[in-house]
Ligand SMILES: C[S@@+](CC[C@H](N)C(=O)[O-])C[C@H]1O[C@@H](n2cnc3c(N)ncnc32)[C@H](O)[C@@H]1O
């Protein structure tokens, strides 16, 4: 196990003096995370590159002191690596399944991650008092469904950062009409993690427009464009 979980050199640059927390998280993923079925056993040799570092590099796109919701967090990806790399952020991990939200609560406590909260809920049922600055999501839903769940969680001007991989440009192009209809002000693709992960992370950045705040329960969303 130790060899498979060898810490890549680039991890020090990403996590700095919080590298030990990232190592503890890697061990939790490879231990209880696998035992409890949150990650497949074949993922163990890829825990650092494909999961932890690929998640943490999203930090490049998040400004200082932001309040972040990680939707469909699963075993904590990308929310926990992001919170470890960036203690200046407040992070809410949103996950509906009990088995996963229990793992998240235990992990946040075990690592002593201040500023991280777990909310057991579906994204579309969350009604934040004030919109989040940033929503992150990885491998949760196709873009138009994801935007439908997450744009209402954002303050106007807030951003959805969706880790989408190679298909990101096509997904954004195919969802353009829905994004406009749901009130997105703009959208683009950004890359993150050059020199840290190969291939670099490709991230859909969707900016919430004025209608990006949570609609009242039962309110209909109107066409914006
Ligand atoms: C494929 S997993 C990805 C987990 C994690 N983001 C990752 O990259 O490893 C999808 C996650 O989305 C969660 N999910 C599904 N529907 C959801 C919804 N409506 N709101 C929030 N989370 C949801 C699932 O419970 C699951 O944990």
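Each residue, glycine too, has its Cβ placed from N, Cα and C.
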Among 86, 138, 145 - the residue TrEMBL places in the same S-adenosyl-L-methionine site as 72, 77, 123, 124 | 138
Return the residue, from the listed binding-site residues 77, 123, with the maximum count of other C-beta atoms within 10 angstroms of its C-beta.
-> 77
